[in-house]
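J.: Submitted below is the structure of interest, expressed as structure tokens.
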Amino acid sequence: MSTTAGPMARREAKLAYSMLLPTIFVVLAIVLLPLAATFWISVKPVTLNDLRAPEATAKARLRGSLEAAGDSAILEFRLRNTSQQKPVSDITFKATMPTGITITEVDPRCQYAAPDLSCDFDDFPAKFSERLKIPVTADASYIKNPVPLKSITPLMSGTSDNVLTNFSFTTSNFTKIFDSESFWHVLWVTMVYTFAGTIGALIMGLFAAQLLQREFKGRTVVRGLFLFPYVAPVIAMAFTWLVLFDPYSGVVNALLKQMGVVSESINFFGIRDTPIDLFGMEFQFPVALSMVIAFEIWRYFPLAFMFIMARMQSIPTDMYEAAEMDGASPLQQFWSLSLPQLAGILAVLFLLRFIWTFNKFDDIFLLTGGNAGTRTLTVDVYEQAFALSNLGAGSAVAVVIFVLLLIMSLLYFRSIPKEEGL
Amino acid sequence: MIKYLTPFYVMLTGGIWAVLSGISITVIIALLSGLPIRPTLSVFFITGIIGAIWIAIASRTGRDTRHKQISFVIHAVTLLLLSLFQPFNAPLSDGILWQLLGIAGFSWIQSTVMYNILATLDKDSINRRNLELSFISSMRHFGFLFFGVMILLPLYVLIMSSLKSQQELLMNPLNLMPDFGQSLPDLFRSYIELFTKFNFDTYLLNATIVSVTTVIITLLFAVPGAYAVSRLNFPGRVLLSRSILMIYLVPAIVLVIPLYAVFSQLGLRNSLTGLLLVYPATTLPVALYMLQGYFRGLPRELEEAGMMDGCSRIRVILTITLPLSLPALASVSLYVFMIAWNEFLFAFMFLDDPDMFTLSRGVVSLNSSEVPRQHLMAGAVIATAPILVIFLWAERFLVQGLTAGSVKG
């Protein structure tokens with residue numbers, strides 16, 4: 001094949017690019033730009049309040065009354081800077097007077113070219129407020145057709161320093177999160193959660209796939225039921241678990257008490273850890289964390305199940321027949337035939353699930369809100385950015401997530417077996 | 001060796017299974033009847049051992065279905081005698097029908113399982129292979145019980161707790177059965193109130209609009225993209241197809257802060273338009289990935305024949321490739337619909353105005369102390385029901401489509 005592109009090849013490439021363009025554009029706008037912006041925000045001192053840009057506003061009101069032709073009154077504009085912290089500069093103001101209203105005296109900062117009044121103000125400092133008084137008179141045409149003067153809405157514009165776009169940077173977001181002790185705990189919890197959740201889901205998926213490998217009546221229905229935790233909305237499933245394990249009105253606690261396993265209700269999603277005595281060694285068992293891991297396994301084993309099942313159905317049956325002839329026992333067949341055949345898909349699933357579990361936010365957020373020792377990195381992003389209103393620190397955590405993710409993805413592409421797709 | 005191990009295996013299997021089925025049946029009866037019952041595990045354990053020994057001995061002359069019936073009677077009688085007619089730690093006269101049902105249920109499970117597991121071990125065939133088969137069979141039965149409980153119990157609790165108030169549940173958490181004696185509007189009060197007082201009609205409509213539109217946009221973008229990646233040659237193809245997967249791995253939480261900031265300033269935050277910008281972007285990579293896997297599997301020759309006949313590339317796609325890909329399109333649509341319908345994070349972050357809520361957002365808004373809890377659960381049922389119906393109806397497509405992308409063969 002020649003390396004120089006002929007006209008055919010060029011046309012094909014052009015077609016390909018035009019077909020991909022919409023996708024690339026959308027992904028660029030909604031994924032890659034925000035990703036870059038996360039890095040940007042992570043080095044800036046931005047809080048939730050900074051999102052409302054400072055604005056100059058004006059509100060009209062009439063002092064006196066205009067009831068007959070020739071009456072005069074004061075039209076008053078209350079000028080304000082909405083921000084408590086930041087000044088607004090280079091403010092322009094423009095208002096149009098209704099027919100029949102004449103301004104009799106013009107403020108030095110303004111020009112009056114009937115019917116428009118336009119003004120230029122220099123600066124409104126933070127919390128600034130001023131009353132701009134304008135004496136007006138009304139003539140007969142206004143009295144005939146009066147318009148309430150307080151309905152005048154002036155057009156105002158001004159520039160203010162937007163912390164999102166200016167060039168002041170800080171490293172305090174990163175030093176803050178790395179210095180806090182909770183961050184390392186959060187990292188540890190994330191790793192435990194991700195690892196246990198992934199392994200658990202894979203083992204359960206493997207088990208479930210073994211169950212449904214053989215044909216039997218009603219297999220499709222059972223398979224549908226097995227997939228239920230995965231397809232149902234996370235909110236529904238999370239609240240179901242909360243109700244199921246409720247310390248006061250939950251079924252599980254009531255059963256445990258009735259069966260005599262425990263004497264007091266356990267607040268499964270509320271307690272951090274409980275001492276457990278195992279062969280004379282006491283250790284702290286993390287209750288809430290185990291529960292969210294159990295939820296994660298329960299919710300995502302169907303995915304592993306689905307992929308493993310599909311792979312198992314493609315293993316040629318004559319391999320088993322040959323093994324049977326050679327006298328291999330069923331467990332030996334599973335161990336030395338099925339498992340090696342499944343190794344590829346298990347590896348892929350492990351890495352994919354590892355990354356997805358690592359990325360998971362909804363489940364823990366809904367179950368515990370990240371309390372009781374279950375805060376993972378993703379929940380920490382929310383906590384920092386929205387609960388503590390520090391968007392900069394939240395973004396810094398998000399950057400940490402992304403960097404860790406990048407490392408894992410590179411690992412994924414390195415180790416993915418060639419025959420398993422891509 | 002195997003010969004001497006077998007009796008222990010038989011007894012242990014019988015005992016452990018009896019404990020398992022004893023607990024399961026007690027839980028079921030307790031949930032259905034609300035009776036304060038509790039199994040005496042030691043009694044169940046010994047009953048199981050006796051039953052297992054009997055079936056193992058009886059099967060020495062070969063499998064016989066009559067053994068199952070005899071085994072049933074043996075289990076029931078042994079259980080009653082050993083427990084002094086109180087297998088559930090309650091006087092037998094309390095809800096006697098329920099308790100008898102429990103004993104019958106236990107005996108039925110135990111005799112069936114033991115027959116399936118142990119009757120294969122007749123005298124001449126005790127060897128490693130058959131022992132393993134028996135053990136695997138035991139694990140299979142356990143698996144079905146385990147997964148059955150794990151999936152059906154939450155489903156049952158989800159539905160029942162939407163029909164019953166928390167006060168009633170506080171009185172007896174095990175009595176999940178709603179009062180079926182009341183009139184239908186009373187029974188389904190929380191559902192009716194959600195639609196009449198809590199705007200769930202709007203939420204349902206919003207969720208449908210958002211999900212369907214997301215599916216349409218995603219397909220419109222992903223079909224040409226996937227075709228280009230899988231069929232056309234162009235510089236940067238490999239890089240692009242890998243980047244697609246990389247982007248699929250970027251978590252939503254990393255994007256949410258800048259999107260929140262920008263959408264706030266553009267006024268897109270409280271609008272379905274905002275969601276419709278974000279959802280297709282998050283579903284596009286996976287849709288593209290699934291579709292290109294499918295396109296790759298289609299025979300090239302068909303398209304080449306079309307090209308030979310003078311069709312343009314676009315025409316070939318429309319008249320040959322797409323009709324052949326209907327199953328894949330169906331599964332991608334289903335999957336994307338599911339993602340959009342279930343999406344929580346962006347809906348939660350972006351929507352504050354109740355007129356714009358999707359179902360996910362609407363259900364979360366019910367999670368407050370001012371709203372009765374059965375409303376929350378009814379909301380959860382409303383959010384789950386459509387997706388479950390669609391899914392059970394088209395499950396085959398989803399499974400095929402999801403797995404086709406990455407699994408060959």
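Note that Cβ sites are derived from N, Cα and C of the backbone, with glycine treated the same way.
Heads up, here are the entries from TrEMBL:
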DOMAIN    B:204-394  domain 'ABC transmembrane type-1'
TRANSMEM  B:12-35  transmembrane segment
TRANSMEM  B:41-58  transmembrane segment
TRANSMEM  B:70-90  transmembrane segment
TRANSMEM  B:96-121  transmembrane segment
TRANSMEM  B:142-163  transmembrane segment
TRANSMEM  B:203-223  transmembrane segment
TRANSMEM  B:244-263  transmembrane segment
TRANSMEM  B:275-295  transmembrane segment
TRANSMEM  B:316-341  transmembrane segment
TRANSMEM  B:376-394  transmembrane segment
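Each of these features: where is it, how hidden is it, and who are its neighbours?
T.: Same-chain residues lying 6 or more positions outside the transmembrane segment (B:41-58) and placing a CB less than 8 Å from one of its CB atoms are 7, 10-11, 13-19, 21-23, 64, 67, 70-71, 74-75, 78-79, 82-83, 87, 106, 110-111, 114-115, 118-119, 121.
For the transmembrane segment (B:70-90), the list of distant contacts is 26, 29, 35-40, 43-44, 46-47, 50-51, 54-55, 58, 99, 102-104, 106-108, 110-111, 114-115: same-chain residues at least six beyond its ends, Cβ to Cβ under 8 Å.
Nonlocal intrachain contacts for the transmembrane segment (B:203-223), taken as residues 6+ away from its ends with a CB within less than 8 angstroms of a stretch CB, comprise 272, 275-276, 279-280, 283-284, 287-288, 291, 317, 322, 329, 332-333, 336-337, 339-341, 356-362, 382-383.
Residues 229, 269, 274, 278, 282, 285-286, 288-289, 345-346, 349-350 of the same chain lie 6 or more positions beyond the ends of the transmembrane segment (B:244-263) yet place their CB under 8 Å from a CB of it.
Residues of the same chain lying 6 or more positions beyond the ends of the transmembrane segment (B:316-341) and with a Cβ under 8 Å from any Cβ of it are 207, 210-212, 214-215, 218-219, 222-224, 227, 279, 282-283, 286-287, 290-291, 294-295, 298, 302-303, 306-307, 359-360, 383, 386-387, 390-391, 394, 397-398, 400-402, 404.
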J.: Should anything in the same chain at least six residues away from the transmembrane segment (B:275-295) have a Cβ under 8 Å from its Cβ atoms, list it; otherwise answer none.
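T.: Contacts of the transmembrane segment (B:275-295) (Cβ under 8 Å, skipping residues fewer than 6 from its ends): 210, 213-214, 217-219, 221-223, 225-227, 229-231, 241, 244-245, 247-248, 252, 259, 268, 321, 325, 328-329, 331-332, 335-336, 339-340, 343, 346-347, 350-351, 358, 401-402, 404-406.
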J.: Below 8 angstroms Cβ to Cβ, which residues of this chain, lying six or more residues outside the transmembrane segment (B:142-163), approach it?
T.: 20-21, 24, 31, 169, 176-178, 187-188, 190-191, 373-374, 377-378, 380-381, 384
